[in-house]
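These come from TrEMBL:
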{"type": "ACT_SITE", "residues": "Cys125", "note": "active site, proton donor"}
{"type": "BINDING", "residues": "Lys27, Asn28", "note": "phosphoenolpyruvate binding site"}
{"type": "BINDING", "residues": "Arg101, Asp316, Val338", "note": "UDP-N-acetyl-alpha-D-glucosamine binding site"}
{"type": "DOMAIN", "residues": "13-433", "note": "domain 'Enolpyruvate transferase'"}
{"type": "MOD_RES", "residues": "Cys125", "note": "2-(S-cysteinyl)pyruvic acid O-phosphothioketal"}
Amino acid sequence: MSNQNEDVLHVVGGKPLHGTIKVRGAKNFVSKAMVAALLAPGTSVLRNVPEIRDVHVVSDLLRLHGIHVDVDGAQGVVTIDAKHVEMPSVADVDTLAGSSRIPILFSGPLLHRLGEAFIPALGGCNIGGRPIDFHLDTLRKLGAKVDKEHADGIHITAPNGLKGAKIHLPYPSVGATEQTLLAAVLAEGKTELSGAATEPEIMDLVAVLQKMGAIISVDVDRTFRIEGVKELKGYTHTALTDRIEAASWASAALATHGDVFVKGATQPEMMTFLNVFRKIGGEFDITDAGIRFWHPGGDLKPVAIETDVHPGFMTDWQQPLVVALTQAKGLSIVHETVYENRFGFTKPLVQMGATVQLYRECLGSLPCRFQQRNYKHSAVIFGPTPLTGQDIDVPDLRGGFSHLIAALTASGPSDVHGISLIDRGYADFRGKLTALGAQID
Ligand SMILES: CC(=O)N[C@H]1[C@@H](OP(=O)(O)OP(=O)(O)OC[C@H]2O[C@@H](n3ccc(=O)[nH]c3=O)[C@H](O)[C@@H]2O)O[C@H](CO)[C@@H](O)[C@@H]1O
Ligand SMILES: C=C(OP(=O)(O)O)C(=O)O
């Protein structure tokens, strides 16, 4: 736990970021692959693991269930021996309440290994309601009994084991897709999951499950077919790169007029981001080792973006890019369709000098899931506007990184408070900023 002074980063902005940084495996895959290890009474080895807090949260949760976890942060290797699994006390599990969204994904594996699971209150970024109704409906369809009445969390049992079922997701939720995959691989019989999400992190989880012995296919209409098997074995796997972290550094390069080589960044998972980056006027060069992103000089161009599920423009890319859009010449529009409340981070940007207006109504003919809810989910950004340093509070993971970019873009000093929240998903960001020449303290 950091003390209050350690939780503030003093940033003197106005200097372009220049240099090379390395990005490792994806936060939104690594944690799920660690949960998958729980499905097999053997040893699994995961490589290219970033040194982020979410990895430690999942390790601690696995350990509470009697599983041996070794995290070699320097080498980026996590070894999980899940031969022995036990049910911890509610009080023990509760020590991790509110720390991430991953505990809900323990449901399927624990039901297979122990016949029951206790899920504490979930955490994760505060960017909308984030209900788990799809998760619980899926588990029920597979034969689980869900008791939500427990004061500290949710108790789930499967007295007769899990059985394959036909499941349709009302929205292609990443977590609910992963929930179904993790629960169905060992369920008796076949499961059909339609309306699923097919993010690259999900497909890498499918690759892990296939290595473990699972039978999973996916149709072009985003329907997964899972044939339950009787047992699975441990895996060895190298995690795909974190495309959100890579895009965050790319946005930082653009906003600060910089030039950053992101070692490890890969093109296929970033194609949609790269198209937008090019439309704005950013330049990039793709090599086998990574992608170099830079501001070529001259004016950046405005753009209209709608966030969406894969292969659309990721909601997690939106926040860092908005800061770069404050430096583009003209009117940009960002319409958020995944989370109803993901623009809170723009308020400090306005205090720093940006012109950002939020609207509840959907703009033009854009589809809108949140029309009826009282949230503003379209941002209109007018630029370029010079930013000046301020005191800023980190609201959430990506919003926090956006504030760092804003502080680096601004003239004068900024104090960014609550900086440790960023450790959830950005490994050694302080070291990387220093390597890129940022003036931080
Ligand atoms: C740890 C992790 O991988 N987090 C990612 C994951 O979050 P996460 O898996 O939580 O996101 P989902 O794809 O499930 O959520 C998408 C939308 O569906 C709604 N929903 C979801 C589940 C449910 O049971 N009911 C429901 O209504 C959510 O409120 C949200 O509006 O995918 C998001 C969308 O790419 C990313 O922004 C997050 O970074
Ligand atoms: C929203 C995010 O994560 P989580 O689902 O863990 O809150 C994120 O990674 O941007």
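From the backbone N, Cα and C atoms, a Cβ is placed for every residue, glycine too.
Remember, TrEMBL labels are computer predictions, not curated facts.
Comparing Cα positions, the residue listed as 'active site, proton donor' lies closest to Arg101 out of the binding-site residues Lys27, Asn28, Arg101, Asp316. In sequence order, Asn28, Gly124, Cys125, Ile127, Val174, Thr315, Tyr339 are the residues of the same chain, not among Arg101, Asp316, Val338, whose CB sits within 8 A of the CB centroid for the UDP-N-acetyl-alpha-D-glucosamine site. Looking at the residues that bind UDP-N-acetyl-alpha-D-glucosamine per the record, Arg101, Asp316, Val338, the two CA atoms farthest apart are separated by 16 Å. Listed in sequence order, Asn28, Ile244, Ala247, Arg398 are the same-chain residues six or more apart from Asp316 (UDP-N-acetyl-alpha-D-glucosamine binding site) with CB atoms under 8 A from its CB. Ligand 2 lies within reach of Arg101, Asp316 from the binding-site residues Arg101, Asp316, Val338, judged by a C-beta closer than 6 angstroms to any of its atoms.
If you draw a 10 Å sphere around the CB of Arg101 (UDP-N-acetyl-alpha-D-glucosamine binding site), it holds 18 other CB atoms from the protein chains shown. Scoring each of the recorded positions (Cys125, Val338) by how many neighbouring Cβ atoms lie within 10 Å, the top position goes to Val338. Following the DSSP three-state reduction, the secondary structure of Asn28 (phosphoenolpyruvate binding site) is helix.
Under the three-state DSSP scheme, Asp316 (UDP-N-acetyl-alpha-D-glucosamine binding site) falls in the helix class. Proximity to ligand 1 at the level of Cβ atoms, with a cut-off under 6 angstroms, picks out Asp316 from the recorded positions Lys27, Cys125, Asp316. Summarising the environment of Asn28 (phosphoenolpyruvate binding site), the number of other Cβ atoms within 10 Å of its Cβ, over all protein chains shown, is 26. In the predicted model, the domain 'Enolpyruvate transferase' (13-433) shows an average pLDDT of 95.
Sequence-distant neighbours of Lys27 (phosphoenolpyruvate binding site) (same chain, 6+ apart, CB under 8 A from its CB) are Pro50, Ile52, Asp54, Asp242, Ile244, Glu245, Arg424, Gly425.
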